[in-house]
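Below you'll find the structure, written out as structure tokens, and then a few comments.
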Amino acid sequence: MKALAKLERGPGLTLTRVKRPEVGHNDVLIKIHRTAICGTDIHIWKWDDWAQKTIPVPMHVGHEYVGEIVEMGQEVRGFAIGDRVSGEGHITCGFCRNCRAGRRHLCRNTVGVGVNREGAFAEYLAIPAFNAFKIPPEISDDLASIFDPFGNATHTALSFNLVGEDVLITGAGPIGVMAAAIAKHVGARNVVITDINDYRLELARKMGATRAVNVSRESLRDVMADLHMTEGFDVGLEMSGVPSAFTSMLEAMNHGGKVALLGIPPAQTAIDWNQVIFKGLEIKGIYGREMFETWYKMVAMLQSGLDLSPIITHRFAADDYEKGFAAMLSGESGKVILDWTV
């Protein structure tokens with residue numbers, strides 16, 4: 001089958017032919033319709049330090065996808081041939097303490113599709129049936145293909161009660177922008193998002209952010225004054241991994257505020273602990289999606305009117321993957337979709 005793979009230890013990916021995956025007794029085989037390019041895939045493309053330490057070579061990659069089930073293992077129940085599915089990209093062990101307690105998103109033995117094992121940038125993908133998630137007919141293939149990052153945004157944004165709250169989001173990448181849309185959808189009062197990329201800040205405005213702030217030109221304090229905020233933000237969602245952004249967030253938080261961290265800062269990042277301790281801030285690290293509560297909430301929000309369509313800005317045939325990666329690397333894109341059916 002056709003697949004997009006890392007064949008050599010260096011930058012780039014190659015469209016090649018690989019063996020169609022085998023289907024175990026508890027697996028489903030998915031014929032891929034659409035995939036989306038993730039920031040993780042950009043790290044793999046660039047072959048940065050993280051990728052060099054993490055990605056097996058050779059291996060085909062990718063973990064954001066939608067397709068249909070074309071084959072099932074003999075032990076699979078609850079699915080049928082022809083079901084349209086996406087899937088949880090974190091394959092968990094099932095036997096550690098957290099898995100046995102129903103907290104699979106905290107599994108210490110997690111294996112990532114397209115990161116530690118063969119991925120979805122291919123015509124077919126085999127995964128455990130447990131990880132597959134049926135997509136309702138009213139949700140398009142394009143939207144279903146971005147459920148993985150949409151899930152990151154949902155898990156982060158819904159970590160705390162947002163109803164009537166003032167929310168600060170640092171980082172207007174696709175996940176940050178989707179988090180802004182989610183926050184408004186569920187009842188936040190003011191949703192302010194910061195970045196230095198005007199293209200992505202404009203996407204955030206289209207998705208419903210109250211204010212999209214280019215912090216290279218505009219003061220966050222001035223924006224807070226314009227919004228008549230006198231006490232600081234109630235909830236912070238850190239999506240950038242940029243130390244200066246996190247510092248600004250801590251300074252802007254109200255006493256008793258809550259902060260969720262999805263962005264990954266450098267390992268030795270220093271912060272002002274006085275801001276955390278004397279303000280009584282609650283800080284929570286976010287990884288992946290809650291299985292599968294996050295997935296049900298994603299579907300429910302789309303079915304109740306959440307519009308994520310502006311975040312999908314580019315579409316290409318899978319054979320034109322280089323154009324898709326170029327769009328992502330340009331910094332002037334939202335989500336980029338690759339079509340494996342043409």
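Placed from the backbone N, Cα and C atoms, the Cβ positions cover glycine too.
What Swiss-Prot lists as Zn(2+) 1 binding site is CYS38, HIS63, GLU64, and the listing cites sequence analysis. Here Swiss-Prot flags THR40, HIS43 as active site, charge relay system. If you look up Swiss-Prot, you'll see CYS93, CYS96, CYS99, CYS107 marked as Zn(2+) 2 binding site, on the strength of sequence analysis. The NAD(+) binding site annotation in Swiss-Prot covers ILE175, ASP195, ARG200, LEU262, GLY263, ILE264, ILE286, TYR287 and rests on sequence analysis.
Cα separation, LEU262 (NAD(+) binding site) to THR40 (active site, charge relay system), rounded: 13 Å. Ranking the binding-site residues CYS38, CYS99, CYS107, ILE175, ILE264 by the number of CB atoms within 10 A of their own CB puts ILE175 at the top. When Cβ neighbours within 10 Å are tallied across all protein chains shown, the highest count among the binding-site residues CYS96, LEU262, ILE286 belongs to LEU262. Closest to CYS96 (Zn(2+) 2 binding site) in space, going by CA atoms and restricting to the binding-site residues CYS38, GLU64, ILE175, ARG200, is GLU64. Sequence-distant contacts of HIS43 (active site, charge relay system), defined as residues of its own chain at least six apart whose C-beta falls under 8 angstroms from its C-beta, comprise TRP50, ALA51. Cα separation, GLY263 (NAD(+) binding site) to CYS107 (Zn(2+) 2 binding site), rounded: 19 Å. Closest to HIS63 (Zn(2+) 1 binding site) by Cα-Cα distance, out of the binding-site residues CYS99, CYS107, ASP195, is CYS107.
When other Cβ atoms within 10 Å of the Cβ of TYR287 (NAD(+) binding site) are tallied across all protein chains shown, the result is 14.
Annotation for ARG200 (NAD(+) binding site): same-chain Cβ neighbours under 8 Å, separated by at least 6 residues, are ALA172, GLY173, VAL177, GLY331, GLY334.
Excluding CYS38, HIS63, GLU64, which define the Zn(2+) 1 site, the same chain contributes THR35, ALA36, ILE37, THR40, ASP41, GLY62, TYR65, GLY89, GLY114, GLY119, ALA120, ASP148, PRO149 within 8 Å (Cβ to the Cβ centroid), listed in sequence order. Distance between Cα atoms for ILE264 (NAD(+) binding site) and CYS107 (Zn(2+) 2 binding site): 19 Å, as a whole number.
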